Ligand SMILES: NC(=O)C1=CN([C@@H]2O[C@H](COP(=O)(O)OP(=O)(O)OC[C@H]3O[C@@H](n4cnc5c(N)ncnc54)[C@H](O)[C@@H]3O)[C@@H](O)[C@H]2O)C=CC1
Ligand SMILES: CC(=O)C(=O)O
């Protein structure tokens, strides 16, 4: 007996032992032709890809989870390690290959492959290395899963989402960057910590670039339906603009701090992306701050740029962009953030 790369058991004549073992049951009850086979592929089995994969597995989201990486031994090791947890997880077929044909028919392809930051390096510094990688990754993904939603995580995520859109030829609603879904979670954690409430009760968005020029939408923050700024005023709790700026700075520095301490970030992005995958696969129509084609929204009209805005997501990808209230200053910062990304994009000449 030997194992295929996906780990299923083959007999000496290449007979699939699983098939013959269950023959009578399969004959008695053929699977319903209408049953949908849900499939997610994760490209890049590094720190981030594996955190996403393991969080997705715990959520019972898919029938099949596929891993793709360029390093065969590491890839097979990661696949086996996850398969060995089968007794504790919802049933999911886990496959892995360096060949993109394994991703065929995916509903959602999540791209995490690529270089990551070292110490104080900016995300934007990774651009040229990761653009070259995307030229190899996106075309086969689009070919094997022409109807999938592409969810980009590799950095700099906003520009790479634009590149993925161009390389895939997909409509813009099916190309999304994980964007500031993670920054907004860091923001909600810090606000919750300050007010001693549950982060899930904090509605707060960071928009714009996933990175140094991100914008905190203070004017629309609410906790349990109570607008935070007017709540603080009513309680006669003095707050300084500087204090708010400091919380935002903590959000921006969050990734740098974790990277300087443990070398990379993984758990929060794993939960953040699995949360997006859940909304998309279950067609939940929830609103997430993610990187979308922003041209035409909030006065952003200087070119085709992907930056994070609160967007409603579902099975078809982006269903709409919400009309959230912004002050003039917030709007100006958002436009400046879009300009930062556009200038970088223009240097690429794509
Ligand atoms: N958008 C976000 O919020 C976040 C983005 N990231 C980004 O995610 C990316 C991955 O980070 P880590 O997982 O920590 O890095 P890592 O170095 O642990 O993993 C990268 C993986 O990509 C693989 N890879 C390289 N070339 C490939 C190719 N042609 N095809 C398939 N796989 C290939 C490598 O073999 C490696 O396993 C980085 O760009 C990082 O900056 C990280 C955290 C948060
Ligand atoms: C690395 C990165 O982009 C983050 O953790 O926010």
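Our numbering is plain: 1 for the first residue shown, then up by one each step along the chain.
Positions of Cβ are set from backbone N, Cα and C atoms, glycine also.
Predicted automatically and left uncurated, TrEMBL annotations should be read as such.
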Matching residue for the NAD(+) site, where TrEMBL names 44, 45, 46, 47, 48, 49, 130, 153, 154, 155 - out of 63, 69, 107: 69
Using DSSP, what's the helix, strand and coil tally for the domain 'Lactate/malate dehydrogenase N-terminal' (39-177)? 68 helix, 26 strand, 45 coil
If the criterion is a C-beta within less than 6 angstroms of any ligand 2 atom, which of the binding-site residues 44, 48, 69, 153 pass it? List them in sequence order. none
What's the longest C-alpha separation between any two of 44, 45, 46, 47, 48, 49, 69, 130, 153, 154, 155, the listed NAD(+)-binding residues, in angstrom? 17
Average the pLDDT scores across the domain 'Lactate/malate dehydrogenase N-terminal' (39-177) and report the rounded value. 96
